[in-house]
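Features as listed in TrEMBL:
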- A:90-280: domain 'ABC transmembrane type-1' (DOMAIN)
- A:29-51: transmembrane segment (TRANSMEM)
- A:92-117: transmembrane segment (TRANSMEM)
- A:129-148: transmembrane segment (TRANSMEM)
- A:154-172: transmembrane segment (TRANSMEM)
- A:207-231: transmembrane segment (TRANSMEM)
- A:259-280: transmembrane segment (TRANSMEM)
Amino acid sequence: MTAVLQTTPTAEPVANYRLSLRRFTRNKLAVAGLAVVVLFLLFCFVGPLLYSTDQTHTDLTQVNLGPGGSHWLGTDAVGHDELGRLMYGGKVSMLVGLAAGVLATVIGTLWGATAGYAGGWLDAVMMRIVDAGIAIPALFILLVVSAITTPDTLGLIIVLGLVSWLVPSRLVRAETLTLKSRDYVLTLRATGGTHGRAIRRHILPNSVSTIVVAATFQVADAILLVAYVSYLGLGVQPPKTDWGGMLSAGLTAAYSGRWWLIVPPGLAIILVVCAFNAIGDGLRDAFDVRGRG
Amino acid sequence: MSPARTRLLTGAALSAGTLLLAGCSGSSGTSSSGSHDSINYALPANFTPNWILPIGTAAHLNTNNKSISNALWEPLVAYDGSTGTIGWNKKGSVATAADFAADSKSVTITLGDRHWSDGKPITSADVKFWFDLVKANKAEWAGYSPGKAPDNWTSFKTVDARHFTITFDKAYNPQWMLANELSQINPLPQHAWDKPGDAKKDWTYLNDAAKNIGGYATNALWKTTSGPYDVKSFSTAGKVVLAANKKYDGGEKPGIPTVNLLPFTTADAEKNALRSGTVDYGYIEATDLDQKDSFTAQGYEVKPWSGWAITYMPYNFNNPSMGAVFKQLYARQAVQRSIDQTTLAKVVFNGTAVPGYGPIPQAQTSNFVSPTQKANPYPFSTSAAKSLLTGHGWTEQGGVMTCTSPGTGASQCGEGVAKGTKFQMQVLSQSGSTVTDNMMSAIQSSLAKTGIKFSIKTAPVNSVLSQTPQCTTSQSICKWQLSFFGTMGSWYFNAFPTGDSLFQSKGGSNFGNYSDTAVDQLISASTTSSSNQAVQEYSAALAKDLPVIWLPEPDYQISVVKKGLGGFSQDSLANFHPAQWKWTS
C-alpha cells in the first residue's frame, strides 16, 4: 500500500515548481510586472517614511500648485502634496486590491473545491448560487452597500472579496472535477484514504497553479473595482483616498492643464493592473504542463 | 479597457477637441445660428421641461417650468430680481398698482389695459378665475402652505373690470404679502378655459390637458396667452421653441423673435455644446472658472449669476448621541468659529461664493440683513473655538475633545452631555460634486484643529434627503447628525426671505428640529409687521443662535453668454426671462 502511494504524483509538484520558476523568470513581461508591483509596494509603504507629508489636514494656501521644489508632483485642490497623496492613496488601493483578491480566492477555492469534490445535488445547488451571483453586477452590489454603510478600508476589502469570489470558485470546481477522477485519487480512496486526505494530498496541491493564477487576476480586478467605486465617489471617505478617488477628483481639472492631478493616479492604476495581469499570464504559462519540454 | 483608462482617454480627446475649437472659432455678436432672430439657451443639466400651465402641483411647478409658463401667461405681480434688484417689475406684470388698506388687512389691485392674444381684455374675472381655482384645489396647488395663501385670503371682491380687492384674515406686512403671496397669482383666460364652469372640474380639466406635452403647440387651449411668447414647439425630449407673441401689449416686448430652450442630460454635455458654439447662453461649473479665457476667446462672456439663497448644514437636535451637545450654544459657536468661510469662498469656490453668517442671503444688498449678521458674530478662529470648549468642561484626549466636567454649571458641558462624550460628528453629504468634497475636506481639517472629529459620508442627493428627515429621538431614522444637500441644494427664498418653513418650530423644512420660542415670535412678526425691523431682528437672532452651520453661498450658476447678448439682469430668484434678452450687436 505504501509503495502504491509513493508512486502517485504528490512528489511531482516540487520538481514542477522549480521548472515553473525557471519558466516564469524566462518570461520578461512577467518579471517586469513583478518588478513593477514590488516597486509600487515599496513606493506606497516605504515611500512615506522617506517623503513625509501631511495627508490629514488641508492647506488652502497651497492649492493647485504645479510640480516644483517643495512639492515634487504639485498639490491638489485642497493643498495636499500630490506625491504624498499618491503614496497614501496607493496604500489603500494596493491593500484593498491584494486583500480583497486573496479573500475572493480563498472563498472561491473553498466553495469550488467543496462543490466539485462533493458533486451531486450539493454541487448543483452551490453552483446555481454562483450562477445567480454572477448574474448580479458587482458594481450594483457595491453601490447599494456604499449607500447603506460608510465605506472604510476593511469594509471595502470584505465587500470586494464577497462579490469577487464567484469566478475563482468556478475555476477551482472545474479543476477539482478533473482531479477527483484521476487514478491516484481513486486509488487513494480505494485503499481507504479519507476525503480530507485526498483533498489535502492531491486536489489542493494540484490546483495550486489554477488558484495562484486566479489570485493574481483577482487582485488586478479588485484594484480596478475599488478605483471604479471611488471614481463614483463611493470609496473610502476623506481624508483617506485611493487612486480611483484621486483620479475622480483630478478629472475636473482635465481642461485646466493640471495634468499632475490626473496622470499620476491614472498611470499608477494602469501600471499596477497591467503588472498583475502580466504576472498572472506568466504564472499561467509557467504552470501549463502543455508547454513543458 | 479599464473604466479609468477609458475616462482618461476620453478626457484627453476632449481636451484636444477643446483646444482645436478654441483655436478655430472667433468671437461674434450674433446667435449660434448666425442671426439676430433666435437664441439658444441651455436649460439646467438633467432637467426636462414638462409643464406650461401656470397652476399645478409642486412636481410640475419648478423654477424652470415656471419661467416658461410666465413667458406665456404674465403674472399679476412680477416680484423678482429681473431688473437687477429684487422688487416689483411692473413692466412684466399685468397689475399696475396694489393699494393696501391703512390697516394692512386688504389690498386693492389695479389691472393694466391689457388684452389676451385673442383680443379679449384681461379683466378682474380672469384673476377671480385663478383665485377660485386655487381656493377650491389648494391641497394640490404647488404654492400651498397651511395658514398661508389662499387660507389667509378671506374674500375676493370685484370692484370693476380692472379693479378688485382681496381681504386678509389679519394685518400683514404689505411687502411680504406682495412679494410672497400676491406674486403667485396669474390671471388666466376665463373665457377660454372655464369650460366645465366649476372650479374643481376646471382644475381637473386644465391639469389633464396640460399632461399632454405633445399638445402644447397644437391644442387651441394654449393659444390664448398674455405673455410675450407663444409655444412654437415643445418636444417630450425637452426642447422648447418659443415664438414672439405678436398680439402682446404688455411692457416687456420680446427682444428676440425665437427662443430655443435646449435640454442637456449632463453638465459635461452642455459644456461641450458651449465649446462647439451651439449654445448662446449656457453655464459652466465653479471648478471650470480657470478655463474662462478659453470661453472668452470663443466669443463668450462669463457672468456669475448669484442667487437669493442661503447654504447651511442642519444639526439634528434630536440625535440620540449628539443632540445634547448640539443644543449647547457654546458648542455650536465652537463649530462655527472653526469654519473659515472667507477662504472657502475664495479658494474652494474659486471666488464664486460669498460667506453667509445668518438666515438672510448676503450675495445681494438688501434691507433685510441685520448689522449683526453682516458683521459675522463668530469669525474664524480655531484657537477661540478650542477655548470655548475647554472653558465648558471639555478636554482634548487623543486629538478629540471629550467632556470631562459634566453638569449645568457655567464651566461645565451642559445639560444632557454625559461624562466621556466625545465631540465627534458625522455629516451625510451629497456625492458627485468635487466642490462639495473639497469643502467638506477643508471643514474636516479645520474642525480637527479645534479637536472636533468630523467624519464624512457621501450619498446621492436624493438619498441624503431621504436619510435626514425630521425625526424624534426614539426613531431609528434619527441617527443622522448633520446633513448637507450640496451646493446645488441651497435654500432659495421667495422675494421676502422669511424663515417660517426653515427655522420655525415644526416648520416643514426645519429638518433638524430647531426650536426657539423667541425666534418663532420674530418669524411671525416679520410677516405681519410693516417694518423691516422685525426681519432684521430675526436675522440678528439666528446669526447669533446658530440653528445650523452657516456656509458660503455659491452662485446659482456661472453663466457663459455670447458677446452681444444683453439687455437683461440675471434674476437672483433663479428664474429666466427670455423677453428681456436682446442682441445688442
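Cβ coordinates are placed from backbone N, Cα and C, and glycine is handled just like the others.
Owing to the predicted nature of the structure, the values given are computational and were not obtained by experimental measurement.
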Item to check | Dominant neighbour of the transmembrane segment (A:92-117) in A:129-148, A:154-172, A:207-231, by Cβ pairs under 8 Å | outcome: A:154-172
Checklist entry - When you scan the chain for residues with a C-beta under 8 Å from the transmembrane segment (A:129-148), skipping those not six or more beyond its ends, what do you find? => result 111, 155, 159-160, 163-164, 166-167, 169-170, 225, 228-229, 232, 234-235
Next on the checklist: With pairs fewer than 6 apart in sequence excluded, do the transmembrane segment (A:154-172) and the transmembrane segment (A:259-280) have three or more C-beta pairs that lie under 8 Å?
Outcome noted: no
Item to check | Surrounding residues of the transmembrane segment (A:29-51) on its own chain - C-beta under 8 Å, 6+ positions past either end | outcome: 72, 83-84, 86-88, 90-91, 94, 268, 271-272, 274-279, 281-283, 285-286
